[in-house]
Amino acid sequence: MEKADLGLCSNQMNDLNVRQAGSEREVPKARMRFCHGKFRLFGHFVHAQFVLLALIEFGLISAVSYSVNAGSAAVDASGSFLWLLLSAVMPVAAFSFSLAAMGLYDTRQRQSFNGIASRIVVAILFGMVLCACVGFIFPQTTLTAGSLGLTSLGSLAVVAIVRGLFYAFVDGHMLRKRVIVIGVGQRASSIDRLRRKSDMRAVNLLGFVCLDESTQREVDQDRILKIKGSIRDFAIANRVDEIVIALDDRRQKLPVEDLLDCRMSGIDIVDMLDFFERERGIILLSLLYPGWLVFAKGFAPDALRAFKKRALDWLVSFVLLLVFAPFMLLTALAIYIESGFKGPILYRQKRVGRHGHVFDVIKFRSMRTDAEASGKAQWAVDNDPRVTRVGHFIRKYRLDELPQLWNVFVGDMSLVGPRPERPEFVEHLGEINSLYRERHRLSPGVTGWAQLCYPYGASDEDSIQKLQYDLYYVKNHSIFLDIYILIQTVEVVLFKKGSR
């Protein structure tokens, strides 16, 4: 068999390192399959690179905390070992939480070096504040100001070193799936357009395979693989981990025997929708076909999961109502003073909840009382003139949404879920795309997957874009994903993402 002839640019050729496959179609030896790319963890796709990074940083911060606190406290028979243990564990938990809350384990993060460095510093400072609060509540802990300072400096040093090594040698280089795409048309071009590093962190795209020369080519010509021989031989020779099927015409004949041979050789065969769901956390409506929704895993109701979610909502909303009570009181006072001691403080608005149930969402009033004097529902826009001075501040830091914790407490909403929309918008958007109503399978949330992945939406197009992320959440929601979203929401609030 001739050596595979590949139409690749020079840098792709260096990365591909094409080798001659064996002339016989022998079954290859089983390959060692390590955890790489993205994989499911409690139902949600996570990135192997960042899981490894989190484990290393957790281990090193634990070592720093233990070293500092073991030398600063004595263990006696009175049971103070428990407080020593808490003193050692507390910084580890606080700093790990803070690093996650600052988005430093978010694969979509596209910050510069200075941006990453500043977030690390903010995370350590935030962790110190958390430790100080716990120390104030439990004065029996042996964590002194000096030991907390040493632990913080040590943690900052190890995180900075690990991050530097990670971004230099691991991120975008290791633990990536080697992928080829079957197809060169419109559907395949959706993958070809993924050029940002954050979109392809888990994937090393080798190129596209054209099955029919008459197909109109929509992908970069330099990325098309001109394979002479079988796909299986090429895949084995070039250590391909996954083949993505991206044909425009689903009736087009596939090389079934060749693909089956690849599958039996340990190479994954996936549909384009599954690829985008895994890599971008989205169900791409432009590629969706009815059969996928019918046969895809997920979407199934689970009574136990619903009970655990409701219990978490009730407990956390109760605690947060107590914690944020002073801030809510100050916000209410500011609104009341600005209105001349006569305007309403709270704003109630009809929203659509689970199974189409309409309820009153409660928010702090951030707009003038005549904001919708025309009686017609309007989207909020940038620099909206209807927003008051106090309203501008509380919307920027999401303080206007704190009263929604009461909606969560009474069961109208959940902490995490698709954002509730007004009945007028729901009816209109349902006419644009019938799947819009599927987001009402779950209770609406104060925050959600779409809020993390997409900026503030103020148009029909934005709402349909966010629907793709909402459908991902409806399909894959779990307690693990809820906790992940809640932690990531801290970054959204602190860095004022998507506020208007």
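Backbone N, Cα and C atoms are what each Cβ position is placed from, and that goes for glycine too.
Note: TrEMBL annotation is automatic and uncurated.
Here is what TrEMBL records for this protein:
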TRANSMEM  41-61  transmembrane segment
TRANSMEM  81-104  transmembrane segment
TRANSMEM  116-138  transmembrane segment
TRANSMEM  150-170  transmembrane segment
DOMAIN    309-494  domain 'Bacterial sugar transferase'
TRANSMEM  312-337  transmembrane segment
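Listed as Cβ neighbours of the transmembrane segment (116-138) (distance under 8 Å, sequence separation of 6 or more from its ends, same chain) are residues 83, 86, 90-91, 94-95, 97-99, 101-104, 109, 148, 152, 155-156, 159-160, 163, 167, 494. Nonlocal intrachain contacts for the transmembrane segment (81-104), taken as residues 6+ away from its ends with a CB within less than 8 angstroms of a stretch CB, comprise 54, 57-58, 61-62, 65-66, 69-70, 73, 75, 116, 119-120, 122-124, 126-128, 130-131, 134-135, 138, 140-143, 147-148, 151-152, 155, 159, 163, 487-488, 490-491, 494-495.
For the domain 'Bacterial sugar transferase' (309-494), the model's average pLDDT works out to 91.
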